[in-house]
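Copied from Swiss-Prot, the annotated features are:
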BINDING   His115, His119, Asp309  Fe cation binding site
BINDING   Leu137, Ala138, Ser139, Gly140, Gly141, Asp170, Gly183, Asn281  substrate binding site
Amino acid sequence: MLVLGIETTCDETAAAVIERQADGSGRILSNIVRSQIAEHAPFGGVVPEIAARAHVEMLDVLVDRAMREAGVDFAQLDGIAAAAGPGLIGGVIVGLTTAKAIALVHDTPLIAVNHLEAHALTPRLTVPLAFPYCLFLASGGHTQIVAVLGVGEYVRIGTTVDDALGEAFDKVAKMLDLPYPGGPQVERAAREGDPTRFDFPRPMLGRKDANFSLSGLKTAVRNEASRLMPLELQDIADLCASFQAAVLDSIADRIRSGLRLFREQFGTPRALVAAGGVAANVAIRNALQEIAADDEITMIVPPPQLCTDNGAMIAWAGAERLALGLTDTMEAAPRARWKLDATTETPTKFINTRARH
């Protein structure tokens with residue numbers, strides 16, 4: 001099964017072709033990503049209109065390149081998958097409309113993919129992984145602990161009550177005048193800092209639920225930075241290191257609660273899986289490895305290039321759904337908001353409904 005995947009939900013324009021084998025394994029034939037960092041850097045963050053225009057300018061070129069690198073033509077494709085949300089609506093429209101046009105011209109099934117579901121299923125592209133597993137999804141817009149029970153079967157165990165993890169990293173970077181994109185800059189500065197200099201709060205520690213809260217931690221960083229003004233380079237490094245240390249402690253506690261709740265409801269997970277752009281953070285990856293080792297379960301984190309937004313994850317999610325007979329009509333709508341667990345409710349615009357519930 002050959003599937004073209006298109007990703008345009010934020011500030012990466014991406015296209016990829018994957019092959020799904022009969023045994024359920026996958027192979028990436030091409031995976032082209034074009035970042036928009038240069039376009040958004042002058043503004044210190046993603047500007048939705050600029051992002052949408054960049055997608056329009058680049059997507060056709062990237063699709064053509066992905067097809068050429070994969071060595072296939074459109075007639076060979078079994079499906080066209082596009083991220084239909086959640087995300088910046090202008091970009092989502094660009095990608096989904098392009099996918100619809102290709103699917104219509106070549107009479108190929110369309111799969112409108114939930115971007116979060118694509119992150120959730122990516123580990124199955126990289127390693128043989130059976131359901132169920134516990135997912136820690138951390139990105140610029142989402143921080144969740146999810147029970148992944150099957151394709152289209154998701155139960156949210158914990159979520160952030162305020163800022164997403166990636167959002168908190170970006171906001172801390174901005175208040176410290178670090179370049180865009182902020183998350184990697186905070187991680188880089190933290191390597192040179194003292195994580196014990198500032199005793200920042202560890203929100204939600206010890207609670208029985210698995211929810212996250214990061215706004216108080218972010219405020220504590222802002223207050224300390226304001227007190228120290230003007231900031232020296234070592235101050236910035238120490239603030240970043242202390243912030244990241246607090247985040248790691250919070251993540252560890254929240255995930256341990258999530259694993260306990262997972263076991264109570266669904267039994268022992270096959271693995272603890274991390275996905276989303278924040279999962280590319282080395283310190284966070286190492287902390288997750290320690291949690292999994294303590295809990296005596298397998299830890300799976302996709303390669304960094306598959307943690308951040310990319311077309312291969314969209315193509316793979318499309319292939320997983322296509323294998324169950326799940327396709328969409330041309331009326332599939334772009335969505336700015338689309339909860340992952342809402343994917344368990346098969347939309348009426350699916351052609352058939354063989355997903356397991």
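Quick reminder: no glycine exception, Cβ is built from N, Cα and C everywhere.
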Environment of His115, His119, Asp309, the listed Fe cation site - residues of the same chain whose CB lies within 8 A of the CB centroid: Glu7, Thr9, Ala83, Leu116, Ala118, Ser139, Gly276, Asn310, Met313, Ile314
Which of Asp170, Asp309, the listed binding-site residues, has fewest other Cβ atoms within 10 Å: Asp170
Between Gly183 (substrate binding site) and Asp309 (Fe cation binding site), the C-alpha gap once rounded to whole angstrom: 14
Nearest-integer angstrom distance between the alpha carbons (Cα) of Asp309 (Fe cation binding site) and Gly140 (substrate binding site): 11
Position of peak Cβ density within 10 Å, selected from the binding-site residues Leu137, Ala138: Ala138
Which listed residue (Gly141, Gly183) has most other Cβ within 10 Å, given these are binding-site residues: Gly183
Candidate with the highest Cβ count within 10 Å, taken from the binding-site residues His115, His119: His119
Secondary-structure category, per DSSP, in which Gly183 (substrate binding site) falls: helix
Close binding-site residues near His119 (Fe cation binding site), where close means Cα within 10 Å, chosen from Leu137, Asp170, Asn281: Leu137
His115 (Fe cation binding site) versus Ala138 (substrate binding site) - Cα distance in angstrom: 13
Between His115 (Fe cation binding site) and Asn281 (substrate binding site): CA-CA distance (Å): 20
C-beta crowding around Asn281 (substrate binding site), within 10 angstroms: 26
C-alpha spacing of His115 (Fe cation binding site) relative to Asp170 (substrate binding site), in angstrom: 20
Farthest-apart CA atoms of Leu137, Ala138, Ser139, Gly140, Gly141, Asp170, Gly183, Asn281, residues recorded for substrate, distance in Å: 17
Distance, His115 (Fe cation binding site) to Leu137 (substrate binding site) (CA atoms, angstrom): 12
